[in-house]
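Colleague: Handing you a structure now.
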Amino acid sequence: MQALVMLLATGATYYLGLLAAAAAAVNPGRPNTPGSLPAHRRQKRDWIWNQMHIDEERNDSLPHYVGKIKSSVDPKKTEYQLRGESAGKVFRVDKNTGDVYALERLDREKISEYHLTALVVDKDSKKNLESPSSFTIKVHDVNDNWPVFTHRVFNASVPEMSGIGTSVIQVTAMDADDPTVADHASVVYQLTKGKENFDIRGSGLIVTMNKHLDRETQDKYEVVVKAEDAQGRRGESGTATVFITLQDVNDNFPIFTQNRYTFSVPEDIRVGSPLGSLFVEDPDEPQNRKTKYSFVQGEYRDTFTIDTDPSHNEGIIKPIKPLDYERIRQYSFTIEATDPTIDLRYLGSTSPKNIARVIINVTDVDEPPIFQQPFYHFQLQENQKKPLIGSVLAKDPDAAQRDIRYSIRRTSDKGQFFGITKKGGIYNDKELDREVYPWYNLTVEAKEVDLSGTPTGKESIVQVHIEVMDENDNAPEFAKPYEPKVCENAPQGKLVVQISATDKDITPRDVKFKFSLSTEDSNFTLIDNHDNTANIIVKYGYFDRERAKVHHLPVLISDNGRPSLTGTSTLHVTVCKCNEHGEFTLCEEAAAQVGISIQALVAIFLCILTFTVITLLIILRRRLRKQARAHGKSVPEIHEQLVTYDEEGGGEMDTTSYDVSVLNSARHGGAKPPRPALDARPSLYAQVQKPPRQAPGAHAPGEMAAMIGVKKDEADHDGGGPPYDTLHIYGYEGAESIAESLSSLGTDSSDSDIDYDFLNDWGTRFKMLAELYGSDPQEELVY
């Protein structure tokens, strides 16, 4: 069985014709001819529709009828259903009739098509009687939207003075309606503000309508654009604002802010320094300000220049040469200001040039003296003293015309040869030698002085170059050292050497040297070549080498100067043994002159000085050793005078209270060695010995007291010996001590009854005293 497709729409009559044609084309009730289809073949069922249409935004009551779906199945058994995202929400179908309804107003601008699936099922079993079929519901557009601009505010710019019709900006408004349906999406633009200077084309392009838009008068404009839909039902429209900024062009000339500029400047202003500025007004933006300043008719363009400051567009006046108050005190000239980069198309009635008068007053400054020349060059003949070599002259450029005093700066030793007078005359004190210094460069100083002769502090310097002129004061000599050799069997006429000459003086091109021998009795002769050279040749031939191995040949050399000078140079010719080919085999050259350089002399002197110092140190050391032996002390004994501070005792003073030699002799059981005969002075040291060991129970403290008393009397009555007092300092001493004072300063011979055994009870600090003054019978050591 074959299905019938039907497309229905309320109010759409033309769809009926389409449905009728479709039904006629596939009508299942048409007769079957014998050759068309087999009688036993079953016809396939199929949908007779696939598309429906409905207008958007319908104002009639809901639901809105869309169309009908129909199947050739027995309608008593069929039930129609819809499947899809919008089924049951936006659309529903009458399950009995197949009518499709819209449940809400549709908006094409939101959804223009809906895709659904139609089902035909059995009413009882709910099983599909036909295969599901998809169809589309298209929403027809109505003109229900007005244009909306892409931006609410637009910004644009255009050069000022632009011609009529110059494009400014393209604005766009969008209509959400279907552009394929009639004129639903067509937009019409118009200006509601700013139409006196601008216009808008149908495409939304804004153009200029005034060619005299001047940025300096008004630089910004506001234009309001309206976009509307002529076919719209509600007559709504959209608006946007356009802000148009005029771009600057160079259409204005600079104008001086003053007609006259006056400046005062000191005459000593440095060349190239700014002395004043010229200001102009140019309403154009900075990038279009290109003012050029120039002198009118070339006035003082050789004295001043005017540079343009690129940041401020001002003219800066600078001197290009020194100013002189005494010569010109005021400068007056005219300056012109113009802009060479201006666009003449925009030039109106404004004058392209603007002029101003400039007056520069030069003020006087106390200036230093000025020499008449930048430098001086004098010539002086060597070997002469001249009272006046040349004069320098400096003047005070100021009106005061102060006096000038001259002096030579002693920057080198060369200046000591010259002097200068108060008037600037230069003279030489000593004769000069051109061969030592051909040039002398002096620095002459000129100072201003007041009426009292006191310098004012203003001074100038100038360089003076003195050239020493040459005179013929040096005799000719050999051009280089010669070491000629000759074979002892040299034949007559054999060339020995060719010599040439030189002169320390300036030798002109026409100088001529004459050569000759001072003696003619030798075996050599000289031939002058008349080209400032000479040949020495063998005169007779053959030499006796055993008789003379070296021949000294004086050569006279004369020049043609005025006066002519003659010098003698000695040529040392060595006689050598030669083989048969004339080759030298044995030569003994002349002994070279022995000389010692200054460096060698200094080295020899330093060596001698070093040797002398070492010798003196050795002698001094030996003398000190002899003095030590004279005092009866050996070197080890002297070293024993060093104090060890970790031992208890009286400190550094103990070193003078005993004789080390005595203690050493006592330690070894011997007596003190005798004094040398040369030591005639009395001993200042006490020969301290511990009393001999006594029998048990015996006490002999009086012997120690007697010894101390004897020594004290000797010291008190010795008139030839110097005073030798010793102060002993102990850690525990005085009235608070058990032993009271132990100092020997207040004791005499009356202490013989003192018992020193109590020192043994005082501990290790007084062990030494206890051993010295105690009478321990068990002690074997003797100090």
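Cβ atoms here come from the backbone N, Cα and C positions, even for glycine.
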Colleague: So Swiss-Prot lists Asn143, Asn145, Asp175, Asp177, His184 for Ca(2+) 3; which of Asp99, Asp107, Asp229 goes with them?
Modeller: Asp229
Colleague: To which of Glu85, Glu109, Glu113 does Swiss-Prot also attribute binding of Ca(2+) 2 at the site defined by Glu56, Asp141, Val142, Asp144, Asp177?
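Modeller: Between Glu85, Glu109, Glu113, Swiss-Prot records just one in the Ca(2+) 2 site with Glu56, Asp141, Val142, Asp144, Asp177, namely Glu109.
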Colleague: Among Asn155, Asn361, Asn523, these being the glycosylation sites, pick the one whose CA is nearest to that of His184 (Ca(2+) 3 binding site).
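Modeller: Result for His184 (Ca(2+) 3 binding site): the nearest of the glycosylation sites is Asn155.
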Colleague: Tell me the coarse DSSP state (helix, strand, coil) of Asn361 (N-linked glycosylation site).
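Modeller: Strand, per DSSP.
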Colleague: Which of the recorded positions listed here (Asn145, Asn155, Asp177, Asp229, Asn361) have a Cα atom within 10 Å of the Cα of Glu109 (Ca(2+) 1 binding site)?
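Modeller: Cα within 10 Å of Glu109 (Ca(2+) 1 binding site): Asn145, Asp177.
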Colleague: Sorry to bug you, but what's the C-alpha spacing from Asn441 (N-linked glycosylation site) to Asn361 (N-linked glycosylation site), rounded to the closest Å?
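Modeller: Approximately 41 Å lies between the Cα of Asn361 (N-linked glycosylation site) and that of Asn441 (N-linked glycosylation site).
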Colleague: Distance between Asn523 (N-linked glycosylation site) and Asp229 (Ca(2+) 3 binding site) at the Cα atoms, whole Å?
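Modeller: Checking the Cα atoms of Asn523 (N-linked glycosylation site) and Asp229 (Ca(2+) 3 binding site) gives a distance of 140 Å.
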Colleague: Here are the recorded positions: Asn143, Asn155, Asn523. Which has the lowest count of other Cβ atoms within 10 Å?
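Modeller: Ranked by other Cβ atoms within 10 Å, the recorded positions Asn143, Asn155, Asn523 bottom out at Asn155.
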Colleague: Compute the C-alpha separation of Asp175 (Ca(2+) 3 binding site) from Asp107 (Ca(2+) 1 binding site), stating it in Å without decimals.
Modeller: 14
Colleague: In the same chain, outside Glu56, Glu57, Asp107, Glu109, Asp144, whose C-beta lies within 8 angstroms of the Cβ mean position for the Ca(2+) 1 site?
Modeller: Arg105, Leu106, Arg108, Lys110, Val139, Asp141, Val142, Asn145
Colleague: For Asp229 (Ca(2+) 3 binding site), which of the recorded positions Glu56, Glu57, Asn59, Asp144, Asn441 has the nearest Cα in space?
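Modeller: Among Glu56, Glu57, Asn59, Asp144, Asn441, Asp144.
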